[in-house]
Amino acid sequence: MCRRVWLALLLCAAGGARASNVSHRCLSDVQVLLGDIGVDTPDTHYAALMYDAFGKLGSGVAGGNVNMPGSLQECLSVRAPHFSGQYCQVFLKQDKVQYFVGICVPDSCGEGDVQTLVIHDVLQVGGTSLIPALPSILLSQSDQGVFMTQCTSHTVTPDLSAVTCLFVCCVMIAVPLVATLLTALIRWQQHRVVNPVVTGGSSPPNANSKLYGTMEANSAPSGCVYWGLQVCSLQNTTQGLSAWNNMDNEKVWKKTVENNPLYVFTFSGPVYLGVDTFLLLGGLLSARSLLGSIQRAEDKLSPGLVAHYLFKRFKRVQPLHLFIVCLAIGFFSVVQRGAYWFIAEDEVTNCKKYWWSNLLLINNLFTVTDICAPWTWYLSLDFQFYATTPLLIYLYRLNRSYESYFQYYYNKPYTRYGPYLIGLLLGIYMTTRTEQLLKHQWQAALGWLSCLVGMAAVVVTAYVLKDVPPHPSAAHALYQGLHRPLWALGVAWLILACEEGYGGLAHSLLSLGMWAPLAHISFSCYLIHPFLIVLYNANQETPIHYTSYNFMYLFMGHVTLTLAAGYILHVLVEKPYLFLERTRG
């Protein structure tokens with residue numbers, strides 16, 4: 001009884017005008033909870049569970065283990081006589097470190113109530129706060145600043161936008177399935193035979209489609225190294241994203257990969273330059289595609305041909321792109337939530353606010369924190385570069401000279417045009433050449449030596465320079481200005497050497513038939529793999545501990561699920577809508 005009276009006085013001391021900001025029922029239930037903690041009776045067992053669900057300081061703080069998520073499921077399972085457990089997260093800042101603590105409070109408290117209780121340090125047991133501060137021995141300040149509080153409800157109720165997006169996803173899947181069924185029924189009525197080849201969507205009667213649109217292994221062009229480059233670049237991109245998660249020893253991970261040469265390919269080089277390889281291939285293939293269309297149009301670059309060229313690309317990219325955006329809004333709004341769900345909530349919030357930028361393919365022009373499905377910035381960048389191809393082809397055909405100036409930063413068009421331009425020029429050359437460039441083996445040997453030295457320099461220099469410098473650095477500026485074009489030049493040489501018969505082992509490996517099916521689903525895989533990684537990270541209730549073996553299994557799991565989900569999306573969404581395109585000639 002004395003304990004309850006003391007708690008009431010404590011709450012009043014924390015209050016006055018301040019306590020009036022907390023609802024009466026919330027204050028009453030918190031008083032009951034704090035009073036029942038430590039009381040060993042059957043009726044107060046719930047209090048022990050709620051106390052146990054609070055986040056507590058663990059070991060390894062110096063290595064980055066600062067978040068204290070607690071136990072979300074244990075908290076939500078609590079049923080007290082007059083209230084249930086509600087899991088909330090308090091986001092704090094201490095010195096320069098930001099972290100969060102999971103707490104379990106009565107469900108009668110709103111987010112504003114919880115924040116007020118935390119600010120005034122009401123949640124105490126025996127004079128000790130239930131929200132621990134980081135050790136003062138590691139930080140110069142012990143004062144905590146609260147900058148946000150959010151709570152998780154027992155039930156997830158989707159709003160109108162989530163329901164609409166889920167409906168759009170269902171319609172986009174249902175339309176090809178229904179069309180396929182109707183096509184099969186019509187053919188059955190006409191021929192009494194159902195076509196045994198399932199194409200994943202309704203196809204024209206004369207379409208000679210293979211399963212998920214791939215070529216047979218033995219029909220791959222001998223010079224086609226694009227498949228291998230495409231798949232390897234996607235693998236490196238997935239590898240890089242897999243490392244971005246909620247680790248409890250992030251500083252240990254960073255120190256390991258920065259100081260151990262065995263991790264050079266996971267910290268620099270291909271992990272971050274895979275996108276530049278994609279851009280080079282995009283420029284090369286767009287040039288060859290447009291030049292081929294011009295040749296079929298009696299060597300005329302007309303406005304109608306350019307419009308068809310751009311619209312065809314738009315139809316190629318947008319169905320699956322918009323499906324992923326709708327899936328992010330709809331699925332993330334209804335799925336069961338974990339302690340790190342704020343990662344997914346940020347995606348939903350951005351998509352609800354800026355979905356139109358994805359529709360217009362301009363989302364890469366926004367700041368990274370405002371992008372819906374941020375990994376789709378590449379699609380906008382690729383389309384914007386794609387739109388410049390007709391102009392450059394026109395200038396080329398007029399024999400005009402021009403210079404391309406661009407400045408350097410990450411996802412803006414003017415920062416990534418170098419690799420695309422190199423690929424475009426390579427595509428023009430390879431399409432219009434009348435004789436081989438390499439006529440002697442010494443030329444090929446010199447080219448390969450320059451290529452390997454240049455690409456190795458790009459990778460190793462990033463490893464040596466490490467992270468962003470605290471002060472302006474000429475070496476870092478020079479590297480940022482040159483490393484992407486240098487990498488693209490190396491890949492361009494690899495493609496050219498393979499095309500002219502000097503590829504050797506690289507040509508043999510990159511043109512293997514096994515890359516064909518993977519390359520054909522790579523677009524779907526690229527769009528879905530960050531979705532799966534965010535879903536995995538957001539559903540974790542505890543941080544992930546970094547070890548090489550843990551991350552190897554994590555990466556292999558992401559790759560396996562990405563291939564499975566990518567194949568399903570390719571068959572159900574991407575491939576059917578490709579059949580809507582009409583070919584010329």
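Placed from the backbone N, Cα and C atoms, the Cβ positions cover glycine too.
Listed in TrEMBL for this protein:
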- 23-145: domain 'Nose resistant-to-fluoxetine protein N-terminal' (DOMAIN)
- 1-19: signal peptide (SIGNAL)
- 160-186: transmembrane segment (TRANSMEM)
- 320-343: transmembrane segment (TRANSMEM)
- 375-396: transmembrane segment (TRANSMEM)
- 417-433: transmembrane segment (TRANSMEM)
- 445-465: transmembrane segment (TRANSMEM)
- 486-506: transmembrane segment (TRANSMEM)
- 518-539: transmembrane segment (TRANSMEM)
- 551-573: transmembrane segment (TRANSMEM)
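Non-local neighbours of the transmembrane segment (417-433) in the same chain are 276-277, 279-288, 291-292, 385, 389, 392-393, 396, 404, 406, 484-485, 487-489, 492, 495-496, 499; each lies 6+ residues outside the stretch with a CB under 8 Å from one of its CB atoms. Proximity of the transmembrane segment (375-396) to the transmembrane segment (518-539) is established through 3 or more Cβ-Cβ distances under 8 Å for residue pairs spaced 6 or more apart.
For the transmembrane segment (320-343), same-chain residues at least 6 beyond its ends with a Cβ under 8 Å from one of its own Cβ atoms are 69-70, 72, 87, 89, 102, 150, 152, 156, 158-159, 161-166, 168-169, 172, 246, 351-352, 355, 358-359, 372-373, 376, 379, 523-524, 527-528, 531, 534-535, 537-542, 569, 573-574, 577. Listed as Cβ neighbours of the transmembrane segment (486-506) (distance under 8 Å, sequence separation of 6 or more from its ends, same chain) are residues 223, 225-226, 229, 273, 276-277, 279-280, 284, 418-419, 422-423, 426, 430, 436-438, 441, 444, 447-448, 450-452, 454-455, 457-458. Counting residues of the domain 'Nose resistant-to-fluoxetine protein N-terminal' (23-145) by DSSP class, helix then strand then coil, yields 42 helix, 28 strand, 53 coil.
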